[in-house]
């Protein structure tokens, strides 16, 4: 169901207030929670919706101030509540609106290569904006604070808002893309998961991570031990495991569950003295997750680039450079085990005339069909590469020159029988064969095979010649 504009803004108000109420419910002390989820929603809303959501966010801030009055039963008048709510709305909206605006331009250009730059910009903007919000909010909304109380209030507010933005903003961006379509933090990371996509496996990982977190917080509470509480930082490891093996959305969802569980445990045990450790841990784990999130994307891009460097995109054969690399390896193997190894060079006869007469698209089709026919004559251990243009190379391990000639003849006959939509188009190839001497460099064998190929073309094309044939003809002449 598609929401109207009014419906979208009402949904945003209700969502903001629901998150605010969640933060209040999870307070470990009055006005003290380890995170503030509405800050994350505000940041995501301005990131995707721009300044058109400022009225909606401001309304939510004012309503939350009135709601807070009913929860704590303070003695403020309605006029005072409206004034305080308006102050909070202005500070909250403008600080996070400006910070999101600064990040929007970078988000538009996000991909797997500049992800780390975007993550660093996101964390920097989140840290500075939440600090400004904490300082501005405490100085504006609270009077008569001592220096110690002021610093503690600013620090608690700062880390709470920072955790809400770092942990939850990407998740809110993913959901809010449906309301305010825009390329977001997650949409650029469309790489496939390295492992098979199994929901039960994801559930096991979430359960394992939650169990570890619950164990650490419970033991730290029972023994009142800051040392045990610090083990919560090591829980970044299972979160990074989830990042590497799951999709970006699932990774962000896991991080959100981690933060909710932490806040719930702190509230359940009434933790006070150790709460700051868990606040900082939320932000640290979130930062680790975002940096590691770029690793699978980079690995996927590197695999794709590696594949392009090894495979000819037109014919599906290996590239020239990769063929030479494989050839050197095969020659070492042949030398070690004293095995024969042969090389075949293939040249398409009068290929330039094909391009000139029938067009380059037909020429590409010819090369693809030749590659397919040649592959049909090869074993899995044989290597077919494209030298460039209309030339191919075949490496035949454990094959002497006589057997290589037989293979080349089979290839030649298969190519000769090829048919194409153009009745006037007939294709033939010339073949040069050479048995490699493992004691000599590959270039030597390549030159011999090239000489055989040149002789075959001079002899009338559409035939196979080997080094001995070329040598005997030279002696005879």
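Placement of Cβ uses the backbone N, Cα and C atoms for every residue, glycine included.
Just so you know, TrEMBL annotations never went through curation; they're auto-generated.
Taking TrEMBL as the reference, the stretch among 71-94, 95-118, 119-142 described by the feature transmembrane segment is residues 119-142. In TrEMBL, the transmembrane segment annotation falls on 41-67 of the listed ranges 41-67, 311-337. Feature annotation (TrEMBL): of 200-222, 338-360, the stretch labelled transmembrane segment is 200-222. Summed and averaged per residue, pLDDT over the domain 'GGDEF' (339-469) gives 92. Between the transmembrane segment (154-180) and the stretches 6-29, 41-67, 200-222, the greatest number of Cβ pairs separated by less than 8 Å involves 41-67. Sequence-distant residue pairs (6 or more apart) of the transmembrane segment (228-245) and the transmembrane segment (119-142) include fewer than 3 whose Cβ atoms are under 8 Å, leaving the two stretches without contact. Sequence-distant contacts of the transmembrane segment (6-29), counting only residues of its own chain at least 6 positions beyond either end whose CB sits under 8 Å from a CB of the stretch, comprise 35-38, 40-42, 45, 53, 55-57, 59-60, 63-64, 67-68, 71, 160, 164, 179-180, 263-264, 266-267, 270-272, 275. Per DSSP, the domain 'GGDEF' (339-469) is made up of 61 helix, 31 strand, 39 coil. Here the transmembrane segment (119-142) does not lie next to the transmembrane segment (252-271) in space: the count of CB pairs under 8 Å, restricted to residues six or more apart, is fewer than 3.
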